[in-house]
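*Asks:* Have a look at the structure that comes next, please.
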Amino acid sequence: MNLAAMDPNTYDAQLEEKRIKLENIFTDFDTPNLEVFSSEQAHYRMRAEFRIWHDGEDMYYYMFDKALNSKVRCDQFLPASKLINEMMPALIAELKPNPLLRHRLFQIDFLSTLSGEILVSLLYHKQLDEQWETEAKSLKERLASKFNVNIIGRARKQKLIFDKDFVVESLQVNGEQLQYHQIENSFTQPNGKVSVKMLEWAIDVTKNSSGDLLELYCGNGNFSIALAQNFDRVLATELAKPSVESAQYNIKINKIDNLQIIRMSAEDFTDAMAKKRSFRRLEGIDLDSYNCNTIFVDPPRAGMDPDTVKLVQGYERIVYISCNPNTLIDNLVELSKTHKITRFALFDQFPYTDHMESGVFLERK
């Protein structure tokens, strides 16, 4: 974290630097004009994590500033949502005078939504007993007078929930409301409004598609749910169990009837498609019945392994969302042999950082 860079007055200049940098990285590829999707300049981040510093009777949130090589007190945090910033002082005011709740508390995590829900996770270097549980329930009741809040207590091999360990986000995507179950301690897109822009871009680039869609690394179904409208059927894979459970929840609450989620890794699915191995998790699913002309991938920072790249090359159209331009470039070296980039986008998910979220749409040459 570099607090000095978090200046709304310099946001446009920083975004322009990212645009230039991304275009320069892609100079070896024939790309169309870069579409740039900006972020709000403040209060854009829907989740935040803070360490807690104890100083006598005082206690406060802090982060580590790499530029200063020191901890920095954070009574407020410009990137965090307005809801998180409202909760921060209210929560500290409750914790400070309460010995049971503050003792050995070392971290607080917040997960908020654009729809007004907030989840607070209190992390401890001690086991949580019945007395702590009683105080935590009272804390929730007091905060609930002002906030739509739930609380989690975490310690080694302990997780106590009052009353939910998830939030339900509501996003307006092209004028339609989509709801997403987001569970504590699992991946969700941090920048809610930029996430909407990413969904709308993905819907736009696939709007004239035919047949079915295959998605690898689908998470909680973030893109699958939104893209289901453009395809006859959607088949999606995800390895993390909490994300798969959230995806199934999201299918139900959004009343999607053409989306099937499979819990398996992209690598295993690649083997299944190549008929190298059989998997019990695929029983009852006829992969050959799918007519997938389009594939959507949003891989981890490491990008796709060579076998998955080869699998992806077998599809007419590829939508690739990347959180790491360098591994995207590595994958595009192979993908560009068979496909041409016809759409190219930069999504500013993480303002005031060097991080660049990008998207490419490729079509077979």
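Placed from the backbone N, Cα and C atoms, the Cβ positions cover glycine too.
Below, the features straight out of Swiss-Prot:
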ACT_SITE  C323  active site, nucleophile
ACT_SITE  E357  active site, proton acceptor
BINDING   Q189, Y217, N222, E238, D298  S-adenosyl-L-methionine binding site
*Asks:* Rank aside, I only need the closest one: which of the recorded positions Q189, Y217, N222, E238, C323 has its C-alpha nearest to that of E357 (active site, proton acceptor)?
*Replies:* C323
*Asks:* Among all protein chains shown, how many Cβ atoms are found within 10 Å of the Cβ of E357 (active site, proton acceptor), not counting that one?
*Replies:* 23
*Asks:* If you count CB neighbours within 10 Å, which one among the binding-site residues E238, D298 has the smallest count?
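*Replies:* Each of the binding-site residues E238, D298 was scored by Cβ atoms within 10 Å; lowest is D298.
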*Asks:* Rounded to a whole angstrom, what is the C-alpha distance between N222 (S-adenosyl-L-methionine binding site) and C323 (active site, nucleophile)?
*Replies:* 15
*Asks:* Between E238 (S-adenosyl-L-methionine binding site) and C323 (active site, nucleophile), how many Å separate their Cα atoms?
*Replies:* 17
*Asks:* Taking the recorded S-adenosyl-L-methionine site as Q189, Y217, N222, E238, D298, identify the other residues of that chain whose CB atom sits within 8 Å of the mean position of the site's CB atoms, giving them in sequence order.
*Replies:* F187, E215, C218, G219, N220, G221, F223, S243, I321
*Asks:* To the nearest whole angstrom, what is the C-alpha distance linking Y217 (S-adenosyl-L-methionine binding site) and C323 (active site, nucleophile)?
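*Replies:* Spelling it out, the Cα of Y217 (S-adenosyl-L-methionine binding site) and the Cα of C323 (active site, nucleophile) are 13 Å apart.
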*Asks:* Whole-number answer please: how many Å between the C-alpha atoms of D298 (S-adenosyl-L-methionine binding site) and C323 (active site, nucleophile)?
*Replies:* 8
*Asks:* Within 10 Å of the Cβ of Q189 (S-adenosyl-L-methionine binding site), how many other Cβ atoms are there?
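*Replies:* Counting Cβ neighbours of Q189 (S-adenosyl-L-methionine binding site) within 10 Å gives 24.
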